2 protein chains.
Amino acid sequence: MREYVVAILGATGAVGHRLLNELEHSQIPVKKIKLLASQRSAGQKLKFHQQEITVEEAQPDSFTGVDLVLSSAGGTVSQQLLPEAVKRGAVCVDNTSAFRMQEGVPLVIPGVNDQELSQHRGIIANPNCSTIQMVAALYPIYQRWGIDQIIVSTYQAVSGAGQAAWDELLSETQARLNEQPAKAQILPTASDSKHYPLAFNLLPQIDVFEDDGYTHEEWKMIHETKKILFNDQNSDRIKVTATCVRVPVEVGHGETVYFVLKDKSATASAIQGEVAKTPGLVLQDDPQKQLYPQPLLAAGKKATFVGRVRADQENPGAFHMWVVADNLLRGAASNTVEIAECLVRDDLVRVIK
Amino acid sequence: MREYVVAILGATGAVGHRLLNELEHSQIPVKKIKLLASQRSAGQKLKFHQQEITVEEAQPDSFTGVDLVLSSAGGTVSQQLLPEAVKRGAVCVDNTSAFRMQEGVPLVIPGVNDQELSQHRGIIANPNCSTIQMVAALYPIYQRWGIDQIIVSTYQAVSGAGQAAWDELLSETQARLNEQPAKAQILPTASDSKHYPLAFNLLPQIDVFEDDGYTHEEWKMIHETKKILFNDQNSDRIKVTATCVRVPVEVGHGETVYFVLKDKSATASAIQGEVAKTPGLVLQDDPQKQLYPQPLLAAGKKATFVGRVRADQENPGAFHMWVVADNLLRGAASNTVEIAECLVRDDLVRVIK
């Protein structure tokens, strides 16, 4: 059995920690592991299967001899280093937006479109967290009835903006409880000029604004969804639109997903049935028992949770559902490691010409 | 000039305090004020124009000699006491859901349908908080272009569930920051059997579930919107559907409102123009300056704030907007006092046969 030298790029971040843990519990035979991060984090020690590993500074030559790179170190780092890794013969699964929309880069949710992995040229992209859970939940519905239109509103947890933003929410929250003023320096988006508190607040801005008034996060949900479903003959006609809102939640994105099916014969209970039998999806949908997905229940789990499935009573073929998933696991680390498992399963951890 | 004996029923609650303050700053000539509440709260003292007023226990005979009742004491209390007040000659503006859908009871947002006040039979209903801000924001758009369909997702503050729920959120939040377990006893809905923490969580249940899988809050948004717009010839064709979610915010509901116009010639900038010139609405919509409505900015204000107006680029005539308002003021106390001001202005504080 082939064993792999695996590098985790961005090993010290919130997603990096989870990548390490998911890898430890994965089907991937690991011969050796390298933990890579910025100069600032180099020297830290992390454990993999009881063994202490020292984090090294990521540089082009760090990838010599590496078979597989799991990357979550930010878009700029990915853009600089992953082509260097590929040059040295590694296959990279990237968790940033750097390569997602690039032609020839498969954008993959295992269980939805992992057949596209066979076309990779060294880099495979992990979709945006909010895209993954929505498309994962919609896919069995899409396969059976077809989808004309998706309208999504997100309720996104702060951990999606990184550890520093997460810490900022907690310190702002404590300040408010002490009746002291909150000082925002990171949210909504570190790279933008104004910063607002998120504690007990809602910020309808995730990532920067595009010229058309949509945020880049909204743009990602729209365009990544189309790219992921593109290989299907009906998919070119899917309309997707989104509003993304940051909410004072630590882990676990919520989404209200409104979708209009092509085939108007679908019912809410048939949709629930498709969701319930799909691996990776968990149906939590019993109003009489007050059963529905919640971020606190989804945090720490790899599944995508679906509930509140019901018909729009005035628009035939249109339905609502409420989708919740751990954005650091389902939306990031778990999806990345599952892609790597597919690569190993199909013997695709090699340079493909 | 006629002066009025005004009673506030439910004076000691979060909305009751705001009713008192709004009344103090209103156009209504108050001859005398009576503060009414449950036996438990009787004896408390509150100030009106520097004068200390003792809260009395609300009973049928409390309303003898009262001209105008502003009520926010819960549906059961309204159902029991408001007919008694009407019997004694008072006109009641009720903030609960007790009478909203009753035929012959005007359901009023001033500036939208206050012309219906002339038909009152003693009780006027204040719409649900989440309905008021949505319909207020949509109304100028509806008047100019007509609306075919509304799809709304709410992000509702805990104060809408009452002071005890508000306190519960704060104590749960402190518990989480202290790494102690949170104990939920009220939310999502005191009257339901299960309770879940809201701190750093999302609860897709507001009020109890109906048989069709919608919550009663969602039902209210759908049916109240139709009732409010019913007097217009086109309104019977408006489709409305909703998902209501409680979020860990103290004051200020957010709403993503997606609407499809009849007249496809509308543009985002023309919609922004209509909003900007409508009294009671404030346009906060400049992505380049990161200007958009936020609960922390809306709390304590009477206006409805509108931003993130933009076209769905794949569905002609369809637009998004993000609407935020103080649920205790715009969604409750201010709307109630504005209805009372309209009644005074039009000399409608009298029994109308």
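Glycine residues also receive a Cβ, built from the backbone N, Cα and C atoms like all the rest.
Here is what TrEMBL says about this protein:
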- A:5-120: domain 'Semialdehyde dehydrogenase NAD-binding' (DOMAIN)
- A:Thr12, A:Gly13, A:Ala14, A:Val15, A:Arg40, A:Ser41, A:Ser159, A:Gly160, A:Pro181, A:Asn327: NADP(+) binding site (BINDING)
- A:Arg100: phosphate binding site (BINDING)
- A:Cys129: active site, acyl-thioester intermediate (ACT_SITE)
- A:Gln156, A:Arg246: substrate binding site (BINDING)
- A:His253: active site, proton acceptor (ACT_SITE)
Say you check the Cα of A:Gln156 (substrate binding site) against those of the recorded positions A:Arg40, A:Pro181, A:His253; which is nearest?
A:His253
From binding-site residues A:Ala14, A:Arg40, A:Pro181, the one whose Cα lies nearest A:Arg246 (substrate binding site):
A:Ala14
What three-state class does DSSP give A:Ala14 (NADP(+) binding site)?
helix
At the level of the C-alpha atoms, what whole-angstrom distance separates A:Ser159 (NADP(+) binding site) and A:His253 (active site, proton acceptor)?
9
Given the binding-site residues A:Thr12, A:Ala14, A:Arg40, A:Pro181, find the one whose Cα is closest in space to the Cα of the residue listed as 'active site, proton acceptor'.
A:Ala14
So of all those binding-site residues, A:Thr12, A:Arg40, A:Pro181, which one's Cα sits nearest to A:Arg100 (phosphate binding site)?
A:Thr12
In the domain 'Semialdehyde dehydrogenase NAD-binding' (A:5-120), how many residues does DSSP assign to helix, to strand and to coil?
37 helix, 32 strand, 47 coil
C-beta crowding around A:Cys129 (active site, acyl-thioester intermediate), within 10 angstroms:
27
If you measure every Cα to Cα pair among A:Thr12, A:Gly13, A:Ala14, A:Val15, A:Arg40, A:Ser41, A:Ser159, A:Gly160, A:Pro181, A:Asn327, the residues listed for NADP(+), what is the largest value in Å?
31
Which is it, of A:Thr12, A:Gln156, A:His253: the one of these recorded positions whose Cβ has the most other Cβ atoms within 10 Å?
A:His253
So if I draw a 10 Å sphere around the Cβ of A:Ala14 (NADP(+) binding site), how many other Cβ atoms end up inside it?
21
Fewest-neighbour residue among binding-site residues, criterion Cβ within 10 Å, set A:Arg40, A:Arg100, A:Arg246:
A:Arg40
